[in-house]
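Colleague: Pasting a structure here, questions to come.
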Amino acid sequence: MWTSGRMSNAKNLFGLGVSLYFWGLMDLTTTVLSGSARPLTEGPEDNLSDKLHQRMKRSWVWNQFFVLEEYTGTDPLYVGKLHSDMDRGDGSIKYILSGEGAGIVFTIDDTTGDIHAIQRLDREERSQYTLRAQALDRRTGRPMEPESEFIIKIQDINDNEPKFLDGPYVASVPEMSPVGTSVIQVTATDADDPTYGNSARVVYSILQGQPYFSVDSRTGLIRTALMNMDREAKEYYEVIVQAKDMGGQLGGLAGTTTVNITLSDVNDNPPRFPQKHYQMSVLESAPVSSTVGRVVAKDLDEGINAEMKYSLVDGDGLDVFDINTDPNYQVGIITVRKPLSFESKKSYTLKVEGANPHLEMRFLNLGPFRDTTTVHISVEDVDEPPVFEPSFYFVEVPEDVEIGATIQIISAKDPDVTNNSIRYSIDRSSDPGRFFYVDITSGALMTARPLDREDVSWHNITVLAMELNNPSQVGSVSVTVKVLDVNDNAPEFARFYEAFVCENAKAGQLIQTVSAIDRDDPQEGQHFYYSLAPEAANNPNFTLRDNQDNTAWILTRRSGFRQHEQNIFYLPILISDNGRPVLSSTGTLTVHVCSCDEGGMVMSCNAEAYVLPVSLSRGALIAILACIFVLLVLVLLILSMRRQRKQPYIIDEEENIHENIVRYDDEGGGEEDTEAFDIAAMWNPREAQLVVKNRQDMLPEIESLSRYVPQACIMDNNVHNYVLAKLYEADMDLWAPPFDSLQTYMFEGNGSVAESLSSLQSVTTDSDQSYDYLTDWGPRFKKLAEMYGATDSSGALW
């Protein structure tokens, strides 16, 4: 049988027992027999039996050990003792411990069965351990008892202070809140065992923040404790809350947190103007909507509670001024509503009201939430430009008005008190034709040139008025002049008329309809009257019929017209209008006599241009145009092909092939310049001109002398002689750089001699040119000095 406990001097123990110890609190030994637990105390054996038969008031669980956490001693902590009734104390029984923490946290004396804790125990990390114990025969290793499981529970002590979940806390509560208004709830937790003692029982209290706030000791709810807290007096509060365990008793652990409480604003302060009277001034020339001044009502509230609405409630300038509210700065801006005049009114008085648009009903007793102030506005005089009365002129003038006639009196005056004299003029940019002028003193607008409605029917001019004493003050007015029509234009044919009459025409046949135009524009409308001119009133050939619709018909009076007798008739027609006075003009109608077929189709007459369109059909005309277009395309194609043909080479009678002489200038082993000579120009030296060309890749330090080369072999047409002349030119040039490559010139023809023309070879010629000065040019010209300097006459360059 197993027995667990802290053993005393008792020797005769039987059955399965468990001893429970509470280190630091109790020292009891309990033996469990048949489900009954009895405490064992140290004493004589004769008293032990009586003790065992005394029943405890409570039952003990045989398979549990309890040990306090956070043991700080230096020796291992004794937990309890395991004992088997098979153990006779001779060391033949070996106790083995296994399970959670065995060998690491807990150890067992394999001989005595004593269990010790060798590490610090923390209930908050682990509250219990489950282990298994076994008794073995030390010699054979055979189990003496079945393996038994037991639990070691860690007994809590108050080793953890309460901790707040969050912090610091931030909260707000409206100002003027009643006492007991909830602000925020804070919560602290204690890691100790809440089921054992008061180690985890937390009590809240305020260390700082009274008498403004209070906290519920059990829930941690913070409430207002003082009535009528005013944000404008104090806005921010710092409250320190303490949470203490052990129910707040002495010796308990405590933690603190900070709660920052802000009083939010309510509309409990009415607006007030800092001044009861404002004095402002404005120029009379201030434009409409310009700012006169600003007023502001102070409100101790903030945000929406400090918003302001300004209005004009009284005064003699309600229709002259406006006030608007600046939503960003809550300022009332007074502006000009109508134009001002110092001469009309010099000052105004306004009563301005500022009010809160957002009110709270529970604070209406603190009102009224509005205030008024008086604004005095003075209008300042300025030197204003002259003002025209009226501000616009409209004048109607007949176009036959005489030059110099007054058509309108323009009037302007100085609005200032000084009433300066006015001088008038016309803005010439508005009257470029200079049709009008204005009297400088009286303002009489007169005509300066004849007016013609048919040319310009409307004139828009600008008249200027300037103060005599202050020319910078200039006013202007627009004058619109409408030129009225008079009957000054005679009617005339609408276009040039040319009629045709057939030889077989009958009397009374219509040959032409005529109409007329008139540049005039009478109010009653145009109406024209047609008749034959007096000299043709009794015309035997043609007659005229007025249709009374501004048109007239020309009719034949007889038949039997003959081209060979007279092929053209001129018929004068008189056209009159209905104006006052009546104007008329004579237009001449040209009538051609033509031969026609029986259907009246013109066949031939002197005006061939009119016969063709009549005799040709539309299809024939299209065919003719198509043929003309095709011919034009063919001509353009032929011209284009001829331009693209290559010109044949001109070969003289001897069939000599002309080549080009190409000169290559090589320096440093590379071709730098190429000069090509057209052999056609060199073929006839009499006509060719010698052109000296300088090298473009090198400029001498000293300006080159004029290189004139006599025209050698002018009478010789052989190219060989021309090349010799070029060689001579190279020899005579003092500044020409040498060509270090062999120049080959090829010429196919009779008598061609190919020789070296290299400038290096020219040293061997009979030229008297000396190159000794090259030695004085420095190391850069050393190579040239060696090549062109004085050498042994017996030596050869190549």
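A Cβ is built for glycine as well, from the same backbone N, Cα and C atoms used for every other residue.
The domain 'Cadherin 1' annotation in Swiss-Prot covers 60-164. Taken from Swiss-Prot, the feature domain 'Cadherin 2' covers 165-273. Look at Swiss-Prot and you will find 640-798 tagged as topological domain 'Cytoplasmic'. The transmembrane segment feature in Swiss-Prot is assigned to 619-639; the stated evidence is sequence analysis.
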Colleague: With DSSP as the yardstick, break the domain 'Cadherin 2' (165-273) down into helix, strand and coil residue counts.
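Modeller: Result for the domain 'Cadherin 2' (165-273), in helix, strand, coil order: 3 helix, 46 strand, 60 coil.
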Colleague: Give the mean pLDDT for the domain 'Cadherin 2' (165-273) on the 0 to 100 scale.
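Modeller: It averages 91.
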Colleague: Let's see if you can do this one: DSSP helix, strand and coil counts over the domain 'Cadherin 1' (60-164), in that order.
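Modeller: For the domain 'Cadherin 1' (60-164), the helix, strand and coil counts are 0 helix, 49 strand, 56 coil.
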